[in-house]
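Annotated features in TrEMBL:
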| type | residues | note |
| --- | --- | --- |
| DOMAIN | 170-291 | domain 'C2' |
| DOMAIN | 334-465 | domain 'C2' |
| REGION | 588-624 | region 'Disordered' |
| COMPBIAS | 594-616 | compositional bias 'Acidic residues' |
| DOMAIN | 865-990 | domain 'C2' |
| DOMAIN | 1037-1163 | domain 'C2' |
| REGION | 1197-1227 | region 'Disordered' |
| REGION | 1249-1302 | region 'Disordered' |
| COMPBIAS | 1257-1266 | compositional bias 'Acidic residues' |
| COMPBIAS | 1275-1288 | compositional bias 'Basic and acidic residues' |
| DOMAIN | 1376-1494 | domain 'C2' |
| DOMAIN | 1615-1766 | domain 'C2' |
| TRANSMEM | 1865-1885 | transmembrane segment |
Amino acid sequence: MEIQVFNYSKVFTNRLVGTFRMVLQKVVEEGHVEVTDTLIDDNNSAIQTSISIEIRYQAQDGTVGTWSDKEFLETPGLRPEGDGRCPLETDSLLPGLRQSFDHGAGKGVFSAMKLGKVRPTKDDHRKQDEPAVLEAEDLDRKAMRLGGGLDPDTISLASVTAVTTNVSNKRSKPDIKMEPSAGRPMDYQVSVTIIEARQLVGLNMDPVVCVEVGEEKKYTSMKESTNCPYYNEYFVFDFHVPPDVMFDKIIKLSVIHSKNLLRSGTLVGSFKMDVGTVYTQPEHQFYHKWAILSDPEDLTAGLKGYLKCDIAVVGKGDNIKTPHKANETDEDDIEGNLLLPDGVPPERQWARFYIKIYRAEGLPRMNTSIMANVKKALIGENKDLVDPYVQVVFAGQKGKTSVQKSSYEPLWNEQIIFTEMFPPLCKRIKVQIRDSDKVNDVAIGTHFIDLRKISNEGDKGYLPTFGPAWVNMYGSTRNYTLMDEHQELNEGLGEGVSFRARLLMSLAVEILDTSNPEINSSTEVQVEQATSVADNCTGKMEEFFLFGAFLEATMIDRKIGDKPINFEVTIGNYGNQIDGMAKPVLRRKKEGGDGDEEESELLQNSSEDEGGEDGEMVSVSSSQPMKPLVTDRNYFHLPYFEKKPCIYIKSWWQDQRRRLYNANIMDKIADKLVSAGRGGRQPGIHAADPFRRRFVTLADKDQHHSSRTRLDRERLKSCMRELENMGQQATTLRSQVKKNTMKDKLKLVQNFLQKLRFLADEPQHTIPDIFIWMISNNKRIAYARVPSKDILYSIVDEEMGKDCAKVKTVFLKLPGKRGFGPAGWTVQAKMEIYLWLGLNKQRKDFLSGLPCGFEEKKIARGQNLPSFPPISLLYTKKQVFQLRAHMYQARSLFAADSSGLSDPFARVFFTSQSQCTEVLNETLCPTWDQLLVFDNVELYGEAHEMRDDPPIIVIEIYDQDTVGKADFMGRTFAKPVVKMSDEQYCPPRFPPQLEYYQIYRGNSTAGDLLAAFELLQIGPGGKSDLPPMDGPTDMDRGPILPVPLGIRPVLSKYRVEILFWGLRDLKRVNLAQVDRPRVDIECAGKGVQSALIQNYKKNPNFSTLVKWFEVDLPENELLHPPLNIRVVDCRAFGRYTLVGSHAVSSLRKFIYRPPDKKAQHWNMTGEIVVNMEPEVPIKKMETMVKLEANSDAVVKVDVSEEEKEKKKKKKKGGGGGGEEVEEEEPDESMLDWWSKYFASIETMKEQLRQQEAAAAEAEEKEEMEIAEGFKGQAKNKEKSKAPKDDKKKKQQSAPELPEKKNKQKIDELKVFNKELEAEFDNFEDWLHTFNLLRGKIGDNDDNATEEERIVGRFKGSMCVYKVPLPDDITKEAGYDPNFGMFQGIPSNDPINVLVRVYIVRATDLHPADINGKADPYIAIKLGKTDIKDKENYISKQLNPVFGKSFDIEATFPMESMLTVAVYDWDLVGTDDLIGETKIDLENRYYSKHRATCGVSQTYSIHGYNVWRDPMKPSQILSKLCKEGKVDGPHFGPGGRVKVANRVFTGPTEIEDENGQKKQTDEHLALSVLRHWEDIPRAGCKLVPEHVETRPLLNPDKPGIEQGRLEMWVDMFPMDMPAPGPATDISPRKPKKYELRVIVWNTDEVILEDDDYFTGEKSSDIFVRGWLKGQQEDKQDTDVHYHSLTGEGNFNWRYIFPFDYLMAEEKIVISKKESMFSWDETEYKIPARLTLQVWDADHFSADDFLGAIELDLNRFPRGAKTSKQCSLEMVTNEAELPMVSIFKQKRVKGWWPFVARDENDELEVTGKVEAELHLLTAEEAEKSPAGLARNEPDPLEKPNRPDTSFIWFLNPLKSIKYLICTRYKWLIIKIVLALLLLIMVALFLYSMPGYMVKKLLGA
């Protein structure tokens, strides 16, 4: 042994003082040595320094030197934690020692080593309550033993997690969520929009896109002969499957060439990714992204084109914010918008994935016993009855190994090779062992490998690599019946309930070098042999020891309470009673696995098992069966009182503990973050820091072990890097946390946490998980699964599993599907279990964590062996306690009765006792106010352990039913505050505070419980010493004890005022209509009733508006009880029926706090001028669209005088929306509402872009600051970065500026890409809507939407305030005492309103017909009015533009719910609802935001932007001022207006139609309205002129959007002047145009044919052209025959008439889809002219030579001459000047024809000189022109050299050519053949004669 002493230095390296060495032989003999000796220096000479040490040695088998825990290191209070750990094992820790940290009290080396934590001796215990210093590393509860730790009193005893954050040393926290969610099916919808494809490789193709999701396929239509087809088709796939299955489905997009009914077509290229990748994207979608197509058959080929699409995956309840479907005119930057997740490089390479499958072991004995016996009878031998093979599924491809017949331990040694793009867009590889069977193959077990866990994409990352390592597979239980009900568990769905098998495999990836010619270019899955691996490659076989003790088994479900129960614990197949394993037989010791049955008989485990020879123990894996005793009506418990049964199992596994240790360290760091963060002090970053440093030292230890796989090494490196990074970022973070940045920083810490949890999850398995099964009468009932890493022992504290040597509370659950839904919510059993797993040779201290005070009972064989495990523990010490449960109240409980209420009571369980509170009828917010006392609670163990670590209390809430048993409503856990008999009952710990505990029902929350729990030790003096239970004196509740004073909340008097407005939409109750409803309000036992509504049908509003009641409420607002609203219907004979109820769970938003006197006068003095200047146009863009409701962008928009002047001079408005401004600007009269709409959308998109850019910039800056850590550096960086950014921005915005300036003149409206309600807080500024609920909440999550339970709505409000109020409020002028706090509300008498609904358009409708389209029309319903606009349905359109307005007269309050639905028109049968949206008009009408008619941006009295409201702005303004008691408006000279103390400025003149100017105040008034939120007190934002976007929902598919509707609603009261006519928003009609294209000449066309006679290269050229979508309107020139130079002369005119929508830049075509179509479908397609050059052939098909496609809106200007025309014009579009035919009208020039050569490179295949001339239909009529070269305006005939009859004139030359060049070889071949034939003939002719001659010997 060697000890080195160093001189520590902060700055320099530590200097060695001296060394002490000794041989340990003596120690081993004697077990205890004390030595004092001098140290020696480097030269081995003695120095003065001496050292004294004491060494003890204890052999593992206990033969030498056992010592008592107290004796080692006789310093008071210091000893290694809970176990005198064997010092020999600390050698590996040496690296860790050098970094000693400053520990809490700094107690020397040991505290620095973290080996010994300070633990006070028993008498020292009182010190505990002195407040402790909070030290960074002490924040970890888990590592903290009792000493120097947190004072339990300073910690909130029950945090929200419902498990106290008390100092916990012997117990672990249970997890409160019970229900498995993995395997349960959910609704998903995958929507894919295929927009267009570009740059498809191939000549003249007819592409179709196939969209495949999972097994389903859908096809787009076929586009003929184009390489860039435009589809814009939308597909929807609906699924109802579990999430895991869903996210593994592959989405595959493939482009197919010329597919039709008869042939399947050829694949051009495809792209695939899994659904999970899409779902993890922001908003769960890719929007307008380009997918790169590649050909899976040909790896060497490059990309095959791009496909632009949108893909979205929606689960239930996800709402997808689609970017606004505005008209996409911007030329797409393909490279910048690729369909790839962030961080995936655009150039993905092909890679091979090698998955090697070596062997498997521990397979279950598959076939059932009956079959086995039959087989045995027939064959006469007992073979293994399973034929396993492995199937691997990855990226939609499957590979299988061979089948190994009849083998439980199959050896394959095969590799499966997948070829896939890298990085793959599929997250998981599924590896499945299956049993091959003649009938059907079944899965034995499934494992998923997550590629993100076995690779790292960073610059120091690594390719996916795995193993060779074992993976454990879990699935259904191993008891074999013919039908396995849990089969899907074996398929990998849901949590496995038993070990199935383990598989040895590895994975490697190599990136292919596709340029290599030898490469096999197929992507088919290949299977080939692989070399086997060495036996020890996965680690050395070690013997592990698992020990468990059952301390308590309570809450056993009563269904199984009558039969004896036992528990079985298994690890892998060890301990399994059906086909368990024994120790691996020597002959195959290396391998482990289940030895052959002949050689190792299976041991039937029972406690009588004698040990084998040499004291070898035999595993005991199950407890003795025992009969349960009754706890109460629902639950039983097992009588584990003094005697606690134990189990122990020996098992053999490869020793790969390091993997688990590392994971544990990471988990500990993460827990530290959480626990410290939860303590509410600064985020727990620094708490976790020492651990991080520790990880680095520990994890490095066995780096170079032979069994380390590459993944182990790489993961270690990356973990280290991540931790380093986090450490640095955390340090920076701590310096940056300020009040305002707290939220963001917390988010960052959340990220750390997720990253840590992700890193901690070890992909290469080692020891399988432990399963605990409860077996009743030999049936397996319920189980719990404990990960082996959680209970793994290590001598280093940080590496220890979090539950190792601790008492863990485990709730057993039902296996598989049985656990879904309500069945899974009831606890099957609650166990307190103690587990320890470690190497057998380390097992000395396996009992150290148990509560003290027990004797061990062992089986006879192990009686006197100290380290032999006990078979049961007998507790001699017990403490008696009294538990007091102060059950005050619960809120927001689950509705369990059909009335929508419950009759709740709570049942409290502690150890084996239970008690109930009283039942409170018909409430969801019971205030029990009851104290439950549990007397004589006996707890086993030492007293002081109890104090810090009491068992948990389980509280279950039930609904009492008159018949049948009570329904379960939820459960929560708590830990009591413990008082020992020698402690005082005084603050700070006592009396305990009431706390909220979250109640869970399955995985969902189901309310909160307000309660407190205390556990009081009954000392020697008996109960008389306990503190008294003084309840309030004024209440006598008989036997029920109220919660004592000091614990119950302090109350004060509040007044609750209720505003009763009315009831809406009440549904029938028991088939009877509600006629005379009344509302009852109740809060904390007091309440008030509304007036009775005499006739609900006639007027559903209340006659008395405001009522109040007084009530005592707790001072602490958090403890306020909920307020219950109940609506009853008063029937004849004084009967009442409950209609529905609503619980307002938090009164916080209704509490009124009188304003502070001092702060009141801030706003009343001086004038504040509100800035109104018009700003730079681009700036205006920034403020136009306000996206968050909380951002206060003020819209400063006003047209300055100069602009007005300009306008007058020009008298011409700006360009149309979306059009680029033409030379002559369109007249004002050209502008319409749509111009305004499109301009607004442009603005909105600009806005979004800028916001995104700003956000990205902020994020970048943030990241930089964190990374830099130093503000200074960050600033410098910023500076150096800014110029670059600016340049970028300038480049981006420069081209857009001129365009924008022109657009500026169009008045805009506000486009909200959500509902108006979302923007204005549901218009609940003073009138709130409460949904009345009735009926049970459904049990299965699928169909229990709240919507279905709503039976009506109560409208009203409430105000809660302390009484009395200060006087000045009631003394205010005009205060009406009848209205209390609700002053100035309008009357609620019926009112007639004209409702005008504008429907603009719908987007992304869910297809309703088989063809993947819909024929939508609008249906509107309001009260009795029902409008169905069926005649005007829009055929086959998923994005229909309706452009309609509807006027409806309605009477509020009877008709106030507007429903706008989109239906699908069907020729036969009923029309289907696509989706609908509901708008509450009443709230809008009465809202202070004035949502009746939006305020426009400017005021004009004529033109497209005419003022819509019958009230002028000035009238509106004075009305608002009067209502809000605001002083004003005072109009002053010079365009000023003053309201309250704000001054606004603006123009004062207006033009009428004739251009006359008039003075007006309207502009000024309008500018005030647009800034009304700036007005003090009365101000709020007014609704602007707008278009809102509302999601369409379909009740059959709850929660999933079926499309969106853009619309708005205006409302005008009928008693006011009538409004003008509705704004015309009918869709723009396309304008008719005619495009004339003259093809003059071609040049340099490639020559395709060889002349038959002369051999000259020539071509017979003609040019084909078309404009609209397809080729049906194609036009061809005549043929220029036999061009030898590639020159062609045509002088040929095409004429293309077309309809064009300027605003959208689309051509509109209407045509029938097929001969069977009922009506024409309208298509919108981009305006693109296609010209192609062809070579005409007489007999065969014409040859395609080249093409060019010109987008008429932006195409390159033609070259002046043929020479200047080059390939650049096609490839380099970005830098060339572009022209638009719509502006130029006439263009002439040369353009290149291009095609792809063999290597897929573009090349010029010809040039064309053409002239394009665009005319409107009127112009075309005036100056007609003929087609081709016809009249009128004919073109002259081209001058073509006559070369086609040349061979006629020069025959000799032709013949010479024919013989010499063309047919030379043919002639030679024929001559040779003839010669040969003659030879053969001669031979045959002379042969017989010759033979005869020979024979006769002549």
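Using N, Cα and C of the backbone, Cβ positions are placed for all residues, glycine too.
Note that the structure is predicted; figures quoted are calculated from it, not measured.
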The domain 'C2' (865-990) and the domain 'C2' (170-291) contact flag, 3+ Cβ pairs under 8 angstroms: yes
DSSP-assigned states of the domain 'C2' (1037-1163) in counts, ordered helix, strand, coil: 15 helix, 55 strand, 57 coil
Overall pLDDT of the domain 'C2' (1037-1163), taken as the mean: 88
Remote residues contacting the transmembrane segment (1865-1885) - C-beta distance under 8 A, at least 6 residues beyond either end: 1859
Helix, strand and coil counts within the domain 'C2' (334-465) (DSSP): 17 helix, 56 strand, 59 coil
The domain 'C2' (865-990), counted residue by residue under DSSP: helix, strand, coil: 6 helix, 61 strand, 59 coil
DSSP-assigned states of the compositional bias 'Acidic residues' (1257-1266) in counts, ordered helix, strand, coil: 10 helix, 0 strand, 0 coil
